[in-house]
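**Student:** Okay, here's the structure, questions in a sec.
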2 protein chains.
Amino acid sequence: MSSRRTETGTGVPTGADTGSDTVGIAGEAGVLRRVLAQLAPSEAAVVGPGDDSAVLRVRGDLVVTSDTMIEGPDFRRAWHRGFDLGWKLAATNLSDVAAMGARPTGLTVSLAVPRDTPVALLEEIARGLTAACAALAPGCGVVGGDLGTAPVITAAVTAIGELDGTPPVLRSEARAGDQVAYAGDLGLAGLGLTLLFSDGVDADGVAHARGIARHLATHPRLLAAQLAPTPPIALGRIAAQAGATAMMDVSDSLSLDADRLARASSRDPEAAETSSTKRSQAVTIDLDSAGLLHAFGEQHGESVPLEAMLAGGEDHGLLAAFPADTTLPAGFHRIGSVVPAVARSAALTLDGDPTEPRGWDPFTVRLPGLGEV
Amino acid sequence: MSSRRTETGTGVPTGADTGSDTVGIAGEAGVLRRVLAQLAPSEAAVVGPGDDSAVLRVRGDLVVTSDTMIEGPDFRRAWHRGFDLGWKLAATNLSDVAAMGARPTGLTVSLAVPRDTPVALLEEIARGLTAACAALAPGCGVVGGDLGTAPVITAAVTAIGELDGTPPVLRSEARAGDQVAYAGDLGLAGLGLTLLFSDGVDADGVAHARGIARHLATHPRLLAAQLAPTPPIALGRIAAQAGATAMMDVSDSLSLDADRLARASSRDPEAAETSSTKRSQAVTIDLDSAGLLHAFGEQHGESVPLEAMLAGGEDHGLLAAFPADTTLPAGFHRIGSVVPAVARSAALTLDGDPTEPRGWDPFTVRLPGLGEV
């Protein structure tokens, strides 16, 4: 990594450690020193931040995943406190590790920000990263990264995890007859985003915090689900140990991601490129509206409509298939089943009827206030 | 990773595979299909792109490093072809793996681009990534990543490598008496950047390609060193096996990075936070101008002044310390020695005299045409 530690006296301005400094004043070494002070170590790190690369102790096969959050398309500073942003950065990457049945061990974080960004904001992001690791994946921590400049805040995270001896749980191994289950919040983050866009932007689409103050009082869980989600990271290992046949985290929407899981698990060569064992049968995931409403119709005191469950994204819960006779681990709720494909083009049905996947495509969805982004 | 593969017919527009498509037209699935087609697999990948995370086979301790390149501060589209950008993204991360004495095995790549970006540009980037891996680190490949939108092209890469049984070569273990050596281009990339800024920007600092056409004819190696560097990746393992005591890649400048290596190897507790064994003695790196000029005064037919060697960045060569009696591996050239510290504040000397480190600080250097970035 290039987050090298330089010291005062090297000719690189380092600035004073005052809360009002910008990164342009503090310089790379000064920023880095303050950010590193907010991090807790990874238990797997043999060499942590400060050298060209980190070194991690690994016992078996390794899981690795990357995700980026960019100011504008992925978050707005008016809504997202630095702490929440750091938390969400960690949570969304940890969930991709969990979705393989793995245990997260380390994160690398690349932060690029405008020069006038307060160093204190970067410290808050680091605190959020640290807190999310402590809460969701104890023992995991930031092992490295880099710092740079960008026109908007740009955060790229890579998460690494260990399988601890079990094979990875792919999205491509669901079998007809399996039960389909989900763990975590479902639809809350999407409802939170709707609240933010309905009252948190002005006529030009510019985000502001004042319009959402009353929602913070009345629907705190919806906003928290969007701004700082708490995916069930530990359930990834538990699902793998319980024999999950396929699993993925739901980031774009339940309908989109269930459709993807069914297609990945089907024998159609176009749809099954990621499958290691080509199935002799295409499968459909049939979601059960009664099961969804029973398990997720009310969450944290919020009433959640079926459509919000199907089309809302960013909850980062775990969608998994288990053999029919498996007792679901605590935290998972049955929401449907894997069935032989009802038609080549219908990988997803709801109560037996084909339903259109709908959710988030970063390149085609247009958000208010983003212009040509 | 969230680079999920969706298929046509899911309700997500995928666009046609024509060269003129933008990512906004092609949609995530369409972009992903075309980008993935340009990648070659990593030999270490048990599960490659397409699931929540990639799975890598690892035999021992793991090396991991991240680096980001952002349009504006780190590259200009007028100068950087997509292929070169992909190449440089790979090369700069591979060099951080090599600098630990490790062998690169896999990359994750997060790309975020404006909606009007041609898909063909992303394909070029992918081809550059693939070509750099093939040339510099055979067997290494892209194992995952994600795609998203951003106001400017934003590319975050994480590289993973294996130590193959040798301990990592830290920057903090140089000892008084060691010889200091360097492998790779030195100063060329900085001279290339000077050419680009002298003739490749208009009065407002906007980059253009027309002013650099003659430099492409007369100084192709200087521009190539800046736009698509070729660091000596394989020499990282070779240096470790030859007994290098400390090593780092030179990305910011030889003077800055040699100063960092000396400080990291010193007992000063502030300067030695990354050292695993606190030395009883602070050390200085004494660079030898005659050695530098002898080995690097002429490179690829270009005459390189001493100051360009000391202050130019981005060559990503390997700076290493070896015991005095070690025969340097082919490719390394002696450029100085590690000596007992001459003064607490002078970690770097040139021909015995204290010299000020100078080079690149991303937060304090201002580049033409970047305004408030």
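Each residue, glycine too, has its Cβ placed from N, Cα and C.
Marked as compositional bias 'Polar residues' by TrEMBL: B:8-21. Among the features that TrEMBL reports, Mg(2+) 2 binding site is placed at B:D67, B:D96. Residues annotated as substrate binding site in TrEMBL: B:D74, B:E314, B:W360. Under the heading ATP binding site, TrEMBL lists B:G145, B:D146, B:R171, B:S251. Taken from TrEMBL, the feature Mg(2+) 5 binding site applies to B:D252.
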**Student:** In the structure shown, with every protein chain counted, which of the binding-site residues B:D67, B:D96, B:D252, B:E314 has the densest set of Cβ atoms within 10 angstroms of its Cβ?
**Tutor:** B:D96
**Student:** Looking at substrate and its recorded binding residues B:D74, B:E314, B:W360, figure out the farthest C-alpha pair and report it in angstrom, whole number.
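**Tutor:** Pairwise Cα check on B:D74, B:E314, B:W360 gives a maximum of 12 Å.
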**Student:** Going by DSSP, is B:S251 (ATP binding site) part of a helix, a strand, or coil?
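**Tutor:** B:S251 (ATP binding site) sits in coil per DSSP, no helix or strand.
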**Student:** Could you round the CA separation between B:S251 (ATP binding site) and B:D96 (Mg(2+) 2 binding site) to a whole angstrom and send it over?
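**Tutor:** Cα of B:S251 (ATP binding site) to Cα of B:D96 (Mg(2+) 2 binding site) measures 9 Å after rounding.
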**Student:** What's the most sparsely packed of the binding-site residues B:G145, B:R171, B:S251, B:W360, counting other C-beta atoms within 10 A?
**Tutor:** B:W360
**Student:** Cα within 10 Å of B:E314 (substrate binding site) is the criterion; apply it to the binding-site residues B:D67, B:D96, B:G145, B:D146, B:R171 and give the hits in sequence order.
**Tutor:** none
**Student:** Fill in the CA-CA distance, B:G145 (ATP binding site) to B:D74 (substrate binding site), as an integer in Å.
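**Tutor:** Given the Cα positions, B:G145 (ATP binding site) is 20 Å from B:D74 (substrate binding site).
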**Student:** Within 10 Å of the Cβ of B:D146 (ATP binding site), how many other Cβ atoms can you find? Include all protein chains, please.
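**Tutor:** There are 26 such Cβ atoms around B:D146 (ATP binding site).
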**Student:** Compute the C-alpha separation of B:R171 (ATP binding site) from the residue listed as 'Mg(2+) 5 binding site', stating it in Å without decimals.
**Tutor:** 15
**Student:** Which chain-mates of B:D74 (substrate binding site) that are at least 6 residues away have a CB under 8 A from its CB, listed by sequence?
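**Tutor:** Sequence-distant Cβ neighbours: B:T68.
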**Student:** Any idea of the Cα spread of the ATP site, B:G145, B:D146, B:R171, B:S251, as a max distance in Å?
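**Tutor:** Of all Cα pairs among the recorded ATP binders, the widest measures 32 Å.
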**Student:** Given the binding-site residues B:D67, B:D96, B:D146, B:W360, which one's Cα is the least distant from that of B:D252 (Mg(2+) 5 binding site)?
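**Tutor:** Going through B:D67, B:D96, B:D146, B:W360 one by one, the closest to B:D252 (Mg(2+) 5 binding site) is B:W360.
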